[in-house]
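Per Swiss-Prot, the features are as follows:
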- C202: active site, nucleophile (ACT_SITE)
- C130, C133, C179, C182: Zn(2+) binding site (BINDING)
- 58-81: compositional bias 'Low complexity' (COMPBIAS)
- 91-213: domain 'MsrB' (DOMAIN)
- 58-91: region 'Disordered' (REGION)
- 1-53: transit peptide (TRANSIT)
Amino acid sequence: MAMRQYAAATAASSSFRARPRARPSCLPAAALPLAPCCGVAWSRASYRRASVRAMGAASSSSSSSSSSPSPQGQAQAQAQGKPNYSTSLTDEEWRKRLTKDQYYITRQKGTERAFTGEYWNTKTPGIYHCVCCDTPLFESSTKFDSGTGWPSYYQPIGDNVKCKLDMSIIFMPRTEVLCAVCDAHLGHVFDDGPRPTGKRYCINSASLKLKKTQ
């Protein structure tokens with residue numbers, strides 16, 4: 001009897017030691033694979049499949065996954081007599097047209113440091129335009145203090161911005177915000193904003209140009 005109890009206790013102890021530790025993850029809960037059981041550890045294949053599911057989930061939640069200028073934005077640009085900036089200017093021309101910071105943010109998808117941008121705490125009434133093509137993007141009336149150190153808005157102007165899936169950070173799908181006319185990278189949008197939209201358009205100051213209202 002004592003030997004059987006000892007054998008059972010030893011087996012239980014070995015099973016407990018064989019269980020893998022839980023690994024932290026920044027994937028959405030719906031995209032995670034089922035928790036491992038029976039001593040089966042996480043595998044690279046499991047994480048790869050989870051990443052694919054996460055990409056699919058993020059793609060379905062984005063308003064658009066296309067990186068080309070939207071038809072609405074191009075139509076508006078043509079109506080205003082503006083050229084198709086996304087195809088008419090070369091990378092070298094953009095370098096000459098923009099400052100170093102503006103080029104890094106808008107054409108190379110960079111991110112400025114929090115609390116350093118020109119407009120992160122600006123409360124001046126006006127319209128925020130794209131620094132590359134002058135398209136009006138956000139009204140100051142939709143700007144709010146998000147506490148993040150970047151200019152934040154709960155709503156863009158019409159169809160002047162577009163969104164696409166951003167998987168530049170592994171296991172953390174995000175929604176990139178771009179100018180619909182010239183494809184300039186503006187920032188990212190999140191679902192933790194105020195009413196009435198519940199959105200937070202987190203935008204780089206270097207991608208904007210504020211035109212004050214009289």
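Keep in mind that glycine also has a Cβ here, set from the backbone N, Cα and C atoms.
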Please determine which of the binding-site residues listed here (C133, C179, C182) has the lowest count of neighbouring CB atoms within 10 Å.
C133
Average the per-residue pLDDT over the domain 'MsrB' (91-213) and send me the rounded value.
97
Per DSSP, what is the residue count of the domain 'MsrB' (91-213) in each of helix, strand and coil?
20 helix, 40 strand, 63 coil
